[in-house]
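In what follows, a single structure is set out as structure tokens and then discussed.
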């Protein structure tokens, strides 16, 4: 949660201070994956024990990582476009819609049950995003045109939908393909999908010609060259911290629960963005934020009920088996 909030704020700061490369903003979301080799190498060998099921072939693993990595790259590009044309607070509120998308994908892909509370959240979060879309008082940073605002909105909603699909596909991969019981599996998933996404972004950076503008971008950065480098580095690190937590929660619990926790940053990011970037907050945006928090709370309560019933069922079973 903290990693995602920091990454969004730093990403918006990059654009505010003169950064304009969408491919670089996309690249930093995955480029710091080599730091994950540190915990991977430090894992005790005893934790890398495979289950009794047959280990997937190299071709199968490569296909899984290639497909998920390509989806990740496209998703990150859409997020970068959204953050370029939207304020950080508006961007974060729209991102809450990923919970609604995730509920639908989890139902069809992961057989997640669809309860009244989850349905309530889907409706509330959808209405929250709709309020942001029709809010006449909404504007992007530096008063971007209405067309660019709409483009940013559509990109962010599309990215939220694709991100939710990606989480469900990752959960399916853990359950049906990888089938191993170790944290190393989580790191492998993050490292190899990030590697694929990073390669795609590097190709895009050079193919688009944006690499030619990076030197001038650094020279003209509002807070100087050192600040430019630090923003890029810490944005990359923050995204990796966030991503490992997200993938780990998918592995341990579910894609739906992982999305709930990561989206909780919406309660932090709008407040910080108002303080740091002086984002305008009108009545409609406040209502949208309260609705998003309401939808988030419904998810949390549903997870609490599921956990309570699970523990009660285990306790009743142990009681019956106790002589």
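The chain as shown is numbered from 1 upward.
Using the three backbone atoms N, Cα and C, a Cβ is placed for every residue, glycine included.
Taken verbatim from TrEMBL:
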type     : residues : note
TRANSMEM : 23-43    : transmembrane segment
TRANSMEM : 55-73    : transmembrane segment
TRANSMEM : 85-109   : transmembrane segment
TRANSMEM : 116-134  : transmembrane segment
TRANSMEM : 149-170  : transmembrane segment
TRANSMEM : 191-208  : transmembrane segment
TRANSMEM : 228-253  : transmembrane segment
TRANSMEM : 260-278  : transmembrane segment
TRANSMEM : 284-304  : transmembrane segment
Leading stretch by Cβ pairs under 8 Å, where the reference is the transmembrane segment (149-170) and the options are 55-73, 85-109, 116-134, 191-208, 284-304: 85-109
Cβ contacts under 8 Å made by the transmembrane segment (55-73) with residues that lie 6+ beyond its boundaries: 26, 30, 162, 165-166, 169-170, 173, 177-180, 189, 192-197, 199-201, 204
Positions on the same chain near the transmembrane segment (116-134), where near means CB under 8 A and six or more residues out: 90, 93-94, 96-97, 99-100, 103-104, 153, 157, 284-285, 287-289, 291-292, 294-296, 298-299, 301-302, 305
